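Note sheet for the following structure.
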């Protein structure tokens with residue numbers, strides 16, 4: 001009995017030890033608590049992994065880089081330039097770099113920059129907020145509100161389907177139909193992204209996939225899809241230069257032009273830029289047709305699809321009719337205010353505000369959905385106001401004149417200087433992922449160089465403005481390009497190749513059609 005009891009105790013002890021041993025092994029073999037950071041990473045990997053997976057704020061690495069740039073330049077004040085002016089430039093440069101790198105969305109970068117300006121006391125509060133009271137900023141904000149009416153009533157799509165019905169029986173006709181749609185929509189919609197992704201893409205994508213069975217997923221993108229996508233992103237970029245309201249950066253350029261003595265309103269922009277802008281818009285489909293010929297040449301399907309869509313939409317609604325009338329009145333007032341100022345003493349911005357008021361009173365747009373919730377308008381108000389304020393402060397403090405004096409082109413005549421400057425300005429778009437950032441950073445600088453070189457500014461301003469059709473160059477040089485690139489019809493190399501070809505074509509058109517037309521208008525006079 002004693003032996004059996006001792007044996008039992010021994011087994012219990014050995015069993016308990018085994019259980020404890022197994023328990024220990026089990027615990028050790030279990031994975032560590034999920035902290036989100038693999039053990040094998042060193043401290044730098046852990047910080048990066050934490051930042052990538054758990055941090056919800058701004059990109060800290062990019063913010064750190066911007067801080068390093070600012071600190072490296074802050075105390076290196078060039079001789080002949082006041083310290084305050086240099087500090088404004090450093091903050092402007094960091095803002096542009098922030099717009100390119102995007103540690104936060106562009107509006108976020110600009111709001112942070114306002115805080116930095118306040119902390120460093122670089123500018124007064126009144127100077128810091130001066131951009132938000134600029135009429136040019138509010139012109140584009142009001143244009144965004146008006147464009148909501150085209151989308152909400154369906155008038156924008158109806159116009160596109162009418163155009164496609166008229167000219168869509170051939171591939172080339174269909175291409176020109178999309179160009180014409182972009183050209184018309186650019187009058188009222190100041191966002192190239194809204195035109196491309198909001199109106200044209202919902203029409204174009206089902207047309208290609210369902211109407212023509214042209215899809216990169218099926219390997220049939222060369223049937224017609226590649227060609228029409230190329231035409232669309234080219235037309236989207238090109239049509240923006242024709243109207244003051246064709247892109248937010250146009251209003252920014254108009255303000256910079258005003259700073260050098262060239263006052264350009266909506267009408268002045270239209271008659272001096274639209275006739276020139278039509279030529280690259282008209283030639284691009286032909287060039288693309290020759291370089292990347294589509295396999296389908298006849299497109300009766302497009303016409304029938306457009307007819308069916310119009311039947312589905314039915315007769316024009318009262319909202320669409322009212323939208324057409326109000327926008328027609330807005331354009332008429334823009335024209336009359338430019339030609340008969342004694343009877344119609346309204347600024348371009350004032351007329352746009354009248355248009356918004358009419359649309360609200362008629363119920364075509366409403367306060368909640370189209371005004372208060374209009375993210376595009378208020379996003380633009382923030383970043384546009386800050387960029388315009390910084391650029392204006394640099395102009396007033398003489399920075400651009402100082403910088404231009406460092407570049408001596410006085411030995412060259414006006415024509416070679418203009419060609420050289422516009423070529424460089426066009427090419428530098430490759431370094432920017434935003435036309436607005438490109439214009440903000442370089443447009444006033446290049447204007448000052450032209451002015452110092454005695455280029456007639458009426459002509460020089462418009463020549464530089466023309467080259468902002470550069471959004472077509474790559475998949476990243478305009479915010480409207482990524483949605484079109486993501487469809488997969490156009491490969492990266494093909495996009496870049498077409499960009500270079502159209503770069504050359506557009507520069508040739510500038511030096512022939514542009515210079516010739518502006519000479520007729522008298523802009524070559526000093």
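Think of each number as a place in line: the chain as shown, counted from 1.
Yeah, the Cβs are placed from backbone N, Cα and C, and that goes for glycine too.
Per TrEMBL, the features are:
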type	residues	note
REGION	1-22	region 'Disordered'
TRANSMEM	58-77	transmembrane segment
TRANSMEM	83-101	transmembrane segment
TRANSMEM	108-124	transmembrane segment
TRANSMEM	136-156	transmembrane segment
TRANSMEM	269-292	transmembrane segment
TRANSMEM	313-337	transmembrane segment
TRANSMEM	343-365	transmembrane segment
TRANSMEM	377-394	transmembrane segment
TRANSMEM	400-423	transmembrane segment
TRANSMEM	430-450	transmembrane segment
TRANSMEM	495-520	transmembrane segment
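Counting residues 6+ beyond its ends, the transmembrane segment (108-124) has Cβ neighbours under 8 Å at 58, 84, 87-88, 91, 94-95, 98-99, 102, 382-383, 385-387, 390, 393 in the same chain. Just going by CB pairs under 8 A, the stretch in 58-77, 313-337, 343-365 that sits most against the transmembrane segment (83-101) is 58-77. Under the criterion of 3 or more C-beta pairs below 8 Å, with sequence separation of 6 or more, the transmembrane segment (343-365) and the transmembrane segment (136-156) qualify as touching.
Ranked by Cβ pairs under 8 Å to the transmembrane segment (495-520), the stretches 136-156, 269-292, 430-450 are led by 269-292. It is 430-450 that, among the stretches 269-292, 377-394, 430-450, forms the most Cβ pairs under 8 Å with the transmembrane segment (400-423). Counted over residue pairs 6 or more apart, the CB atoms of the transmembrane segment (313-337) and the transmembrane segment (430-450) come under 8 Å in fewer than three pairs, which marks the two as apart.
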